[in-house]
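Asker: Please see the structure below; I have some questions.
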Amino acid sequence: MDPEFGKSLDTSKKNSWRTSLLLAYQSLGVVYGDLSTSPLYVYKSTFAEDIQHSETNEEIFGVLSFVFWTLTLVPLFKYVFVVLRADDNGEGGTFALYSLICRHARVSLLPNRQVADEALSTYKLEHHPEKNSSSGVKLYLEKHKVLHTALLILVLLGTCMVIGDGVLTPAISVFSAVSGLELSMSKEHHQYAVIPITCFILVCLFALQHYGTHRVGFFFAPIVLTWLLCISSLGIYNIIYWNPHVYQALSPYYMFKFLKKTRKGGWMSLGGILLCITGSEAMFADLGHFSYSAIQTAFTFLVYPALILAYMGQAAYLSQHHHTSYQISFYVSVPESVRWPVLIIAILASVVGSQAIISGTFSIINQSQSLSCFPRVKVIHTSDKIHGQIYIPEINWVLMILCIAVTIGFRDTKHMGNASGLAVMTVMLVTTCLTSLVIILCWHKPPIVALFFLLFFGSIELLYFSASLTKFTEGAWLPILLALFLMTIMFVWHYATIKKYEFDLHNKVSLEWLLALGPSLGIARVLGIGLVFTDLTSGIPANFSRFVTNLPAFHCVLVFVCVKSVPVPFVPPAERYLVGRVGPAAHRSYRCIVRYGYRDVHQDVDSFESELVSKLADFIHYDWHRSQHSPHSEEDVSHSNESTSECRLAVIGTVAFSGTPAYEIEESMQPASVSIGFSTVESVTDVIEMEPVHAVERRVRFAIDDDSESDVRTNMELQLREELQDLLAAQEAGTAFILGHSHVRAKQGSSVFKRLAINFGYNFLRRNCRGPDVALKVPPVSLLEVGMVYVV
């Protein structure tokens, strides 16, 4: 099942309240696992060193007040009521915000952009483009190229911190849950038991990733629901039994009282308090799997009240216990009679929370890869029915090694919490900045509204961020180090990819050179289909000219294929293929642009090859059909046979023709879109989409209209049949995939940094990561690689 079709079918179902409640229940296991386990370590991290619990209870009540207002302002007000509305066709996350901004302002650094991409049904704008031109912020952003790079760096920073959170969250969640054993064994035994048990659980967690979330996913929601009911029940019990007046601490007055007494120590302890909102970003990042109403309902009516009760219950217990024999932790407030069941549920909930962030890390790396911001890695789709559930083996094992290293290296919640807190606040600051731009560019609100949003929420997050930075030597250095390392890799890869594209663009070969190739020059045409992969959307790539120079032959049917990403989450199947001719019809050369969104599933090579041939057949039929029914038929025939320029590209989705078709493919036809003309970045090219039609059933057959009204029409029918027969014969002979095998080096006179980045950094990554043939899943027997040296 195609994920796009499933997505469109689900859209109508999400409208009913019953479906929303079901989705809200399912979201508990995927979205709220990390957020719901934060009570395990918030108080323990806050009181680890900077402040002490005293008889006056000012510290514990002040911390409770901070936790309450932080949970209210950031997850509830910021995310649920504002950020979740900044979705990209139902998708959320850092790249969704970047995609929205790139569609409303020309700030994208992606190569091979086409105006034709703006005709995609998922490329929707909030308002007509002419209304956007009045925005001074938009004009300023578009004018200064350095801001385009700064925006990309900001997005990459947020992405790297999410990946860093994928390392830290499993470690701190599982470690905090297992640390409950300290109340059931001696300190000596506890010291040697917690670390091995935590590492064992982490190894099992990562070892099971290749099975996919869907195989155990139905357990996730009940576990998190049980955990939320458990901590809220414990909270109510502790409030009633120990301190029924603890609700008074929710007043903001206690925050000021807390800071007045603790001063610098209280400010530094905010690095532990901010852990109460870890996992909030998951509400936005996982928006595409559920719906706005489902996530809003689950958080507002279940997760938020349960967390508040849990924190109030812990505070109520601690307000009556100032000299506990154990360090402040979640488990000291759990009655001894239910401590073991709570421990087991906590471990299961921490595993669920870890699973959510691991899956999110896979997803964001896949998105980065599709936007040319991450080296190619192997992506395995673990579910045929549920879109977005993927597994990346290389990333999985690297995350596992780093998680175990963090657990063994830090050995306590304090250092892990400091590291996790900095990563979380950085992601939230990036989201706040990008959302502010969305408010102006996409929602077209006055800049003062965006400025208020930025200052209000940004100041809260900066306060916590500054407290986290003070913990640099106590664990907060780790996410900074990871982010610098990952950002270097991602920026070098993206920079070299852009430079390679610019090299291809400046060194492409003219169409006249291609058309001049023939027997007179010793060039032979062999039977079969040659698929030449390139990043160019027009012109003949230099790697093909090098191929013909070294091997003076090419296939009788030649297709220049450009597989490109567009700044939308999904491209509907009916709008995926742009097909056109390269030269006259007799040359049998075509161009096919295959467009994918940043969350699309790329096809395997077998289905891609067969679908590409069917799209070519549809285009051939459409092109001759258009010429036949044009008021200037003779001119079109001449154009088809004598043109030395690239013909118009057509969006080949599904199409029906009047009269008797000459070639048809048996499939269910769906309506496509209206006819519009566009231009590309490199050259002006007409792009025509098919007219809307009703669903029809078609079969493979050849036919000629015996009652032709003119010799021109008969001649066109014969040429159509001949071209289709050539295509089928070439398909039966086999398909060759022609890819460039590139080596990139910096040109003479380049700076030291550029030489290091290109000659060493990029080439090291290229040699040690998946090649384009692996990413495209090309069988080795059909692969032809052309060596190319790029001097950039």
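Placed from the backbone N, Cα and C atoms, the Cβ positions cover glycine too.
Below, the features straight out of TrEMBL:
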type: DOMAIN; residues: 23-515; note: domain 'K+ potassium transporter integral membrane'
type: DOMAIN; residues: 528-790; note: domain 'K+ potassium transporter C-terminal'
type: TRANSMEM; residues: 21-40; note: transmembrane segment
type: TRANSMEM; residues: 60-81; note: transmembrane segment
type: TRANSMEM; residues: 150-172; note: transmembrane segment
type: TRANSMEM; residues: 192-211; note: transmembrane segment
type: TRANSMEM; residues: 218-240; note: transmembrane segment
type: TRANSMEM; residues: 265-285; note: transmembrane segment
type: TRANSMEM; residues: 297-318; note: transmembrane segment
type: TRANSMEM; residues: 338-365; note: transmembrane segment
type: TRANSMEM; residues: 386-410; note: transmembrane segment
type: TRANSMEM; residues: 422-443; note: transmembrane segment
type: TRANSMEM; residues: 450-470; note: transmembrane segment
type: TRANSMEM; residues: 476-498; note: transmembrane segment
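Looking at the shown structure, what environment does each listed feature sit in?
Answerer: Tertiary neighbourhood of the transmembrane segment (60-81): same-chain residues 35, 42-43, 46-47, 53, 246, 248-255, 257-259, 261-262, 266, 269-270, 273-274, 276-277, 280-281, 283-284, 295-296, 299-300, 304, 307-308, 311-312, 315, 318-319, 428, 432, 457, 460-461, 464, selected by CB-CB distance under 8 Å and a gap of 6+ residues from either end.
Residues of the same chain lying 6 or more positions beyond the ends of the transmembrane segment (150-172) and with a Cβ under 8 Å from any Cβ of it are 34, 41, 94-95, 97-98, 101, 107, 109, 141, 198, 202, 205, 278-279, 281, 285, 353-354, 357-358, 360-361, 364-365, 368, 373, 399, 402-403, 406-407, 410, 413, 416-417, 419-420, 423-424, 426-427, 430-431, 433-434, 478-479, 482-483, 486-487, 490-491, 494.
Same-chain neighbours of the transmembrane segment (422-443): 74, 78, 82-83, 86, 94, 97-98, 100-101, 104-105, 125-126, 132, 135, 137-138, 141, 154-155, 157-158, 161-162, 164-165, 168, 271, 274-275, 277-278, 280-281, 284, 449-451, 453-454, 457-458, 461-462, 464-465, 468-469, 471, 476, 479-480, 483, counting only residues six or more beyond its ends whose CB sits under 8 Å from a CB of the stretch.
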Asker: Count the Cβ pairs between the transmembrane segment (21-40) and the transmembrane segment (218-240) that lie under 8 angstroms and are 6 or more residues apart in sequence, then report whether there are at least 3.
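Answerer: Yes, since the transmembrane segment (21-40) and the transmembrane segment (218-240) share at least 3 Cβ pairs closer than 8 Å, they count as touching.
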Asker: Name the range, of those listed as 218-240, 297-318, 338-365, 386-410, that has the largest tally of Cβ pairs under 8 Å with the transmembrane segment (192-211).
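Answerer: If we count Cβ pairs closer than 8 Å to the transmembrane segment (192-211), 386-410 scores highest.
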Asker: Hey, does the transmembrane segment (386-410) touch the transmembrane segment (265-285), meaning at least 3 C-beta pairs closer than 8 angstroms, sequence gap 6 or more?
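Answerer: Since fewer than 3 Cβ pairs under 8 Å link them, the transmembrane segment (265-285) and the transmembrane segment (386-410) do not come into contact.
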Asker: Against which stretches of its own chain does the transmembrane segment (450-470) lie, if we need a Cβ under 8 Å and a gap of at least six residues from its ends?
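Answerer: Here the qualifying positions are 70, 73-74, 78, 82, 267-271, 273-274, 418, 421-422, 425-426, 428-429, 432-433, 435-437, 439-440, 476.
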Asker: Residues sitting near the transmembrane segment (218-240): Cβ under 8 Å, six or more positions beyond its termini, same chain?
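Answerer: 25-30, 32-33, 36-37, 39, 246-247, 302-303, 305-307, 309-314, 316-317, 333-335, 342, 345-346, 348-349, 352, 355.
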